[in-house]
């Protein structure tokens, strides 16, 4: 796709900084670069140049790279200016670009959008790039690299090729059934592979829960009766003061949360109001919110300072959530606990039991040991399209007429195509590219 306008933006972080990167892309890139720096540098070679205004006043000096299209990030002529990252320097260069005819400031995600529309990236790679920029943990980085690097897209493309081959065999039987060189009932040979493909898609969908934990974090809720040590545990796990800790029961009235990194995974830790019956309006609202986050939890740490206080069933009706029973304040002489009465015996004051608790938390994280690639659907729209593809494959295997079989295989292929953006995704584009910052 050819664009008539040329866009520019600061692609690095906000100044001041040691270095700032300004990106330009579009048909007027070469002219804009020549007006700033003189003769064009060799393609894809970092060259030190003096950057000047239209009146030849010096703005700065820095490295300049020129990428003639289509061998560039966006697929069109593109350049990057690596200059000093002071506010005045960056502002002056952007003002100089703004004064040039045919140039305008880029919108959020517009460089990536041009890369997509010029066939340099597909939608899965674009989403992976957005996730890579936002990644805060090692597992988020690994998942994003798998997608932005094309590994996930290659999997879907392979499935699409198998569907295309199956359709070709069926349609060959439809169109050339009377020809001697077309074997009879050739379509029967492809159904074993179609069944295997459906199983592969189902297995892939089953891993979506792992991807959700990687992207959004494992939700761990600290629950228990008032004054059981919930806020102290939150502070100990966060290694800083998040919650107010007092000996007064009912100090925590609202749900507090903190994001942690545990064994490379993102963990969202919630501290909740003490669970008890009360007539106090504010505390009752806090308990209602506590029940709500317990219902959404992946794991509950149920705390008690007395063996008789481990009661969660009455606070989470209708849902079973994994629970770790944590005996707290065990540095005190009373009460005496039996080893069977709790899973972890903990004192946030002395640190006793913290290592065991952390080990138990890690045991609830997905086991990805030995997996160098993380091939799994990371977004709800991926899962929806995969389910549509799987359902179409089931219908194709149940159909008796060749025309219906071929049509269902076409629908399955279209569903896979919507994941990568090759089919009917125009309405999605604004949402996806809005996740990017300006300059990417």
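Cβ atoms are placed via backbone N, Cα and C, with glycine included.
Taken from Swiss-Prot, the feature (6S)-5-formyl-5,6,7,8-tetrahydrofolate binding site covers 23, 80, 120, 440, and the record attributes it to sequence analysis. Taken from Swiss-Prot, the feature GTP binding site applies to 227-232, 246-252, 271-274. The K(+) binding site annotation in Swiss-Prot covers 227, 246, 248, 251, and the record cites sequence analysis as its basis. The Mg(2+) binding site annotation in Swiss-Prot covers 231, 252 and is backed by sequence analysis. The domain 'TrmE-type G' annotation in Swiss-Prot covers 217-366.
For residue 273 (GTP binding site) paired with residue 120 ((6S)-5-formyl-5,6,7,8-tetrahydrofolate binding site), the C-alpha to C-alpha distance reads 51 Å. Annotation note: residue 231 (Mg(2+) binding site) sits in a helical segment as assigned by DSSP. Here the CA atom of residue 23 ((6S)-5-formyl-5,6,7,8-tetrahydrofolate binding site) lies 55 Å from the CA atom of residue 227 (GTP binding site). Ranking the binding-site residues 23, 120, 230 by how many Cβ atoms sit within 10 Å of each one's Cβ puts 230 at the top. Averaged across the domain 'TrmE-type G' (217-366), pLDDT in this predicted model comes to 80. Within 10 Å of the C-beta of residue 80 ((6S)-5-formyl-5,6,7,8-tetrahydrofolate binding site) we count 22 further C-beta atoms, all protein chains included. Residue pair residue 23 ((6S)-5-formyl-5,6,7,8-tetrahydrofolate binding site) / residue 230 (GTP binding site) shows a Cα separation of 49 Å. Under the DSSP three-state reduction, residue 273 (GTP binding site) is assigned to coil, being neither helix nor strand. Around residue 273 (GTP binding site), a 10 Å sphere centred on its CB holds 26 further CB atoms from the protein chains shown.
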